[in-house]
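Trainee: Sharing a structure here in C-alpha cells format.
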Amino acid sequence: MAFFSALISTISLVGIVSIIGVYDYYSVQDKTENDLISLSAALTVRSSAAIVTGDMASVTILLDSIATVHDITNGCIYTLGADPLDKKAINIIANYPDESAPCSSTTPTETRIIESTEMPYIDIVQPIAIRDKVVGYVYLRSNTKNLMPLQALYLGIIACLSFLGFAIALWLANVSSNRLSQRLLSLETTAHNIISNGNYSLRAQKVENDTISNVTTNFNQMLDFFQQQDTQLRDSEEKFRLINETSKVGIFQLDINGTCVYANTELSLITGLPVNEILESNWLTAIHPEDRSTVEEQWQVMLDNNQSLDLNCRLKTPQTKFIAAYVRLLRRSDGRLIGYIGAINDVSEIKNAQTQFEEMAYYDMLTGLANRRLFRNRLEHVVSNLKKEQSSLGLILVDLDRFKSVNDAMGHDAGDKLLKIVAGRLQQCVRASDTVARLSSDEFAIILPGIKNSRTTAHVAEKVLTAIQQPVLINETEQRLTASIGIAIAPQNGTDAKTIIKNADLALFHAKDNGRNNYQFFTVEMNIQLIDRVALTHDLKQAVKNSDFTLVYQPKICLKQGNLVGFEALIRWNHKIRGAVGPTEFIPVAEQTGLIIPLGRWVITTACEQLRTMYDEEIVNDSVSMAVNLSAHQFQDEHLVDFIRDRINTFDIKPGQFEIELTESVLMENFDNAIEKLEALRQLGIQISIDDFGTGYSSLGYLKRLPVNTVKVDRSFVTDIPNDKSDMEITSAVIAMAHNLNYTVVAEGVETEQQLQFLEHSGCDYGQGYFFSKPLPDHELELFCANFSLSSLRSNHST
C-alpha cells in the first residue's frame with residue numbers, strides 16, 4: 001500500500017508544481033497586458049484635455065515619457081478624419097518614436113487588446129471619450145521579447161519537474177509492479193497447487209494490510225467456501241457410493257449407444273455377470289430372449305415420448321429371474337441426450353409369491369382342491385354353456401358328519417390328515433373333467449358337467465358315501481366317517497349358479513335331517529318346507545321374546561322302593577295358529593338360529609323355580625330332584641356352569657337335587673372339552689345323566705371316562721319288551737354294564753306291567769313312562785304327588 005501511496009504523492013506533487021509553473025508563465029503576459037491597459041487609460045485621460053485645448057506638444061511629451069519607461073516600441077494618439085463615414089481617415093496627433101512609426105487605424109468603442117501570432121508584440125487601442133463621446137484613440141505597442149527568457153525559464157522548470165516526477169513515478173511503478181507481481185504470483189502458485197493436487201486446505205500467505213492483502217483474504221475465504229463445498233461433495237459422494245454398494249437395487253448408467261458405463265455390485269449379483277463384463281456389453285443382451293422385443297419397443301416409446309420407462313421382464317440367467325426396471329433419460333443443460341440412468345430390482349420372490357397368492361386365491365392350500373372362488377367360477381362357466389350345449393350338470397355338496405368332534409378329539413393335525421385322505425377319495429370317484437372343491441372346513445363340492453340323467457349323479461353320490469365310510473388309520477387309531485350329500489340338477493333345479501348352490505344346500509340340509517349318511521335330491525317340496533321353516537323361525541323368535549312356552553314334568557319313580565324321586569322338565573310350545581309344536585320340530589330351529597341359549601336358560605330358571613315352589617309348599621320333600629335336557633349348543637355355552645351355579649343359588653336348591661341330561665352325540669362332538677365341563681359341573685354337585693343311551697356310537701372306552709352318575713335306556717329298547725328278545729338282551733346288558741361302572745340306570749318309555757317287571761328283575765333303578773304318569777303341567781303336580789302310589793298304579797293297570 002506504501003508503494004501506491006508514494007507513487008500517487010509523487011505524481012500529485014509534479015502535477016501541482018507544473019500547474020504553478022504554467023500559472024506563472026501566463027501570469028507574466030497577463031501582467032504586461034494589464035500594465036498596457038493602465039497606461040493607455042492614463043494617456044486617454046490626459047489626452048482628452050490636450051485634444052480639447054489643442055495642446056498637442058504636451059501630448060507628444062507625455063507619450064514619449066511613458067513609452068521609454070514601459071518598453072513601448074511605438075505608439076500614437078489619433079482622431080477621426082473630416083469624413084465621419086470614412087473610418088480609415090484618421091488624424092495623428094502624436095507619434096512615437098517618430099512620425100514614421102506605424103499607427104493603428106481601428107476605431108473601437110471600447111478598449112481592445114490585440115496579440116500578434118507572428119510577431120512578439122501586444123497592441124492595445126483605447127478610445128478617448130469626452131462626455132460619453134469618442135473624440136480620439138490611444139494606440140500602444142509593447143515588445144514581449146523581454147518576457148520570453150522568463151517564460152522559457154518557467155517552461156524549463158516545468159519540463160524538469162515533469163521529467164523528474166515521471167522518472168520517480170516510473171521507478172515507483174516498477175518497484176510496485178515487481179512487488180505486485182510477486183504477490184499475484186503467490187496467489188497464482190497457490191491456485192495452481194490446488195488445481196494440481198485437489199487440496200483445498202492450501203491458503204495464500206497474507207503479507208501486508210493493503211488492497212492485495214484484501215484480495216488475498218477474499219481469495220482465502222473463497223478457498224474456505226470451496227473446501228467446505230468439496231468436503232460436502234466428497235461426503236455426499238461417499239454416501240452415494242456406500243448406498244450404491246450396499247443397496248439391494250442394481251444401479252447402472254448407459255451411454256447414448258446403450259453400452260453400460262457404470263454398474264454397482266448389486267447389479268452384478270442380480271444379473272450373475274461380473275461388473276467388467278457388464279461394462280463391455282449392451283445391457284439389452286441380459287434380457288431374456290422372449291422379453292427382448294417387448295423391452296426394445298418400450299425403450300423406443302421412451303425415446304419418442306421423452307419420458308422415463310418402467311418395465312417388468314425376465315433376465316437371461318440360469319434360473320430365470322424377474323426384474324422391475326426404471327430408466328430415465330440423461331440430458332445436458334442444453335437438452336442434448338447424453339445417456340441413460342436406471343435401477344433394477346430383483347422381484348423374483350415377489351413374482352413367486354404372487355404366483356402362490358394366485359394359487360391360494362383359487363386352490364385350497366391343505367388339500368390342493370379347487371377353493372370356493374374357483375368352484376364358483378367353474379360352476380358359472382358350465383352353467384353359462386348349458387343352453388348352448390343343450391346339456392345338464394349335477395352339483396353334489398358333501399358335508400362330513402360330526403367331523404368337528406373327531407377333529408377336536410384327535411387334534412387338528414390328525415383332522416388335516418383326514419381331510420387330505422377324503423379329498424383324495426373324492427377325486428377317485430369322478431372323471432378328469434369334473435371339479436372337486438373344498439368349500440369350508442368339512443364341506444366339499446363336486447361339479448359334474450355333461451351328465452345324461454340324474455342316475456349318473458346318484459351313482460357318483462353312492463360312490464362318495466362308500467369311499468368316505470372306508471376306515472382310516474390316523475395315529476394308529478381307526479376312524480370311520482360318514483357324509484351327508486345334497487344334489488341339484490341343472491337346468492331343472494336352477495339356471496344360475498346361485499340358485500343351483502342354494503337348492504343343493506337345501507337338499508344337503510334334508511340329508512342331515514334324515515339321519516345323515518345319505519344323499520338327497522332337491523325337490524320343490526323342500527322349498528315349501530324351507531318357507532315354512534323361515535316362518536317358524538320368525539314365530540320362534542317372537543315366542544322366545546315373549547316367553548310363550550310352558551314346561552311339563554315327567555315323574556321319575558324308584559323301582560325298588562316304589563316312590564317318587566324326581567321330575568324331568570320338558571318344554572312345550574302351543575302356537576296360537578299352528579297349535580302344539582313339538583320339541584323335535586322347533587328345537588333344531590332354535591339350535592340353528594342361536595335361540596337355544598336364551599330358550600335353554602328360560603327352561604333352567606323355570607324348572608328351578610318350580611322345584612323351589614314345591615319345596616316351599618311341601619308338595620315334595622327336599623330329596624326330590626329336577627332334571628333338564630341340554631342340547632349341543634347349550635352344552636358348548638362357555639357361561640353354562642356359571643349360569644347353573646347362579647340359578648341353584650338363587651332358588652336355594654341343593655346341587656345334588658339338580659340334574660342335567662345329555663345325549664351321547666352331544667358329549668362326543670368335543671369329547672375332551674365335554675369331560676372338562678362335566679368335571680366342573682360335578683364339582684358343583686350337579687347330577688349328570690346320559691340320555692337315550694345305546695342309540696349313539698360311543699364305546700366303553702369313552703363311556704368309562706365320562707364323569708356321569710346315570711345312564712338312561714332309550715325308549716326304543718323298552719317299547720318292544722317282552723316281544724323282542726334282542727331288545728330285552730340289550731336292555732339287560734346295558735343295565736349290567738352301567739352297574740359295573742357304578743352308574744344308576746333309568747329306563748324310559750315304561751308303559752306296561754310286563755315291561756316294569758322285566759326292568760325290576762334286571763335290576764333297573766328308576767323308571768319313567770306313561771305307566772307311571774304322562775308329563776304333567778305345573779298345576780297338576782300337587783294332586784299327583786299327594787295321590788301317587790306304585791301299588792295302586794299296578795292294581796289299576798291289572799284291572
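Glycine is treated like the rest: Cβ placed from N, Cα and C.
Got these off TrEMBL a minute ago, pasting:
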type	residues	note
TRANSMEM	6-26	transmembrane segment
TRANSMEM	152-173	transmembrane segment
DOMAIN	178-231	domain 'HAMP'
DOMAIN	236-306	domain 'PAS'
DOMAIN	307-359	domain 'PAC'
DOMAIN	391-524	domain 'GGDEF'
DOMAIN	533-789	domain 'EAL'
Trainee: What does DSSP give as the helix, strand and coil breakdown of the domain 'GGDEF' (391-524)?
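Mentor: Here the numbers are 59 helix, 39 strand, 36 coil.
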Trainee: Taking DSSP states H, G and I as helix and E and B as strand, how many residues of the domain 'PAC' (307-359) are helix, strand and coil?
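Mentor: For the domain 'PAC' (307-359), the helix, strand and coil counts are 12 helix, 28 strand, 13 coil.
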Trainee: By DSSP, how many residues in the domain 'PAS' (236-306) are helix, how many strand, and how many coil?
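Mentor: Grouping H, G, I as helix and E, B as strand yields 44 helix, 13 strand, 14 coil.
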